[in-house]
């Protein structure tokens with residue numbers, strides 16, 4: 001579950017509701033490409049915008065159409081009660097891991113966040129991945145909290161923010177975490193622009209947004225960064241404009257536009273108040289589309 | 001609606017659900033004290049932790065038991081669809097204003113936030129108050145956005161963060177906003193420790209957490225700051241430890257503990273993962289209780 005490419009698909013929308021038909025196509029596309037796992041209903045999958053019922057329904061669809069590829073699903077919510085309900089439903093649906101971010105409204109204390117993970121760990125039978133993403137949760141994990149959480153036997157991975165994994169400090173950061181945490185805890189890099197650096201620094205898994213739309217492209221990046229140590233320079237430089245767009249506008253809005261422009265989706269999967277990017281950025285994304293599709297098909 | 005003391009009550013809980021009986025008592029306590037308006041289901045009222053159905057039920061209770069005191073209710077949610085549903089239900093229940101924060105998961109752009117307010121303004125028949133609270137929404141309003149939003153006829157007030165209203169810059173800040181915004185827009189100070197400064201700087205209304213539990217104490221502070229310009233020095237210095245606790249732990253957790261220790265509530269209204277403060281802070285709050293109750297009764 002916690003190695004290689006973990007691909008995070010969009011959750012397509014039709015009007016106000018998730019579009020099951022299109023979601024099945026995205027999940028099948030990932031399974032066909034041979035990703036190591038699927039991270040359904042992550043931030044990229046709009047989990048925070050769907051009702052609990054919609055989330056459980058899409059979870060069942062992901063598991064049923066993943067052709068045996070392990071599925072992890074995000075169960076974050078501002079209330080522990082809702083997290084537990086989602087965790088129970090997701091396990092019944094057959095997920096192989098739960099991804100949990102400390103989603104907040106009132107800023108949370110370290111003790112409250114520990115209590116959340118402790119409660120969920122106590123109630124779940126599948127591995128738990130800590131989702132550290134201060135950009136959406138506004139909670140900052142300390143290494144001391146990582147250590148405390150790693151004592152919960154259910155906790156098996158951390159989805160790390162990518163920036164501290166960038167070269168040249170990345171390797172040192174990974175080594176520090178390895179020294180602090182039991183070997184059971186698999187380290188995952190997120191923030192696709194940091195994937196190459198994070199994987200080279202020794203991360204076990206890449207939690208990937210671009211891999212949710214272009215799994216073959218992402219697998220190429222993974223292989224180049226890790227297995228053979230070789231990376232095509234043209235390939236890397238072709239990805240630079242994508243990372244620039246991710247940095248400027250958030251990966252969700254960019255991947256949503258790519259999915260629409262490529263014809264994979266009819267509508268941008270951006271529940272209001274989220275909006276499509278302005279015309280100028282849309283043009284940049286359209287220009288990038290053939291380049292990405294060529295690498296996906298290569 | 002947008003003048004004097006707008007008191008924000010807690011939403012009492014019994015187990016997982018809001019406690020209607022205790023909520024009625026809190027609302028009646030505010031109406032009896034003669035507050036100018038009631039801000040039900042604000043951040044202090046845990047709106048972000050309740051289901052849409054619970055929020056509408058508590059809204060109806062607030063209006064029905066406010067004895068004619070105008071009620072404003074918070075309709076914030078991460079999805080515009082939910083905001084509109086809440087706004088419609090709240091208006092049907094008889095609220096006199098809607099309070100709206102740009103609650104987010106994906107960080108929002110200025111354009112997305114404007115779009116949210118524009119859509120809600122278009123659908124609502126009662127005044128709309130902009131809820132600017134970066135601590136919970138992680139969105140920072142610019143003055144340019146205030147100006148743009150003030151062009152929506154429904155927008156009638158801004159619940160301002162308190163810190164920029166502190167002396168000596170507070171008066172200048174209020175004058176700047178008055179110059180930028182139409183006179184219809186009433187300025188409200190929040191962050192109770194800044195209330196005295198904000199009111200002296202010329203704010204129209206105080207959106208108050210402490211006033212939701214101790215309305216008479218808050219009305220005394222309001223009068224001293226505004227009407228007669230006199231303030232009892234003992235009174236102000238007695239409040240200092242409360243502001244220190246608010247600063248350190250957030251006003252919700254402190255007022256929740258006061259409500260329990262005073263016997264007004266049986267359980268802390270803190271849905272998990274939120275927790276009661278540690279023992280040491282609880283002791284400080286217990287020590288403060290008789291002082292606050294004496295001023296409330298004075």
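Glycine is treated like the rest: Cβ placed from N, Cα and C.
A quick note: this is a predicted structure, and the numbers were derived from the prediction, not measured.
According to DSSP, residue A:131 (active site, proton donor/acceptor) sits within a strand segment. Within 10 Å of the C-beta of residue A:131 (active site, proton donor/acceptor) there are 27 other C-beta atoms, taking all protein chains into account. Per TrEMBL, the feature active site, proton donor/acceptor maps to A:131.
Look at residue A:159 (active site, schiff-base intermediate with substrate): DSSP puts it in a strand. Contacts of residue A:159 (active site, schiff-base intermediate with substrate) defined by a Cβ separation under 8 A and a same-chain sequence distance of 6+ are given as A:99, A:129, A:130, A:131, A:132, A:133, A:188, A:190, A:207, in order along the sequence. The active site, schiff-base intermediate with substrate annotation in TrEMBL covers A:159.
Taken from TrEMBL, the feature pyruvate binding site covers A:44. Under the DSSP three-state reduction, residue A:44 (pyruvate binding site) is assigned to coil, being neither helix nor strand. Long-range Cβ contacts of residue A:44 (pyruvate binding site) within its own chain (separation 6+, distance under 8 Å): A:8, A:9, A:10, A:209, A:212, A:251, A:252, A:255.
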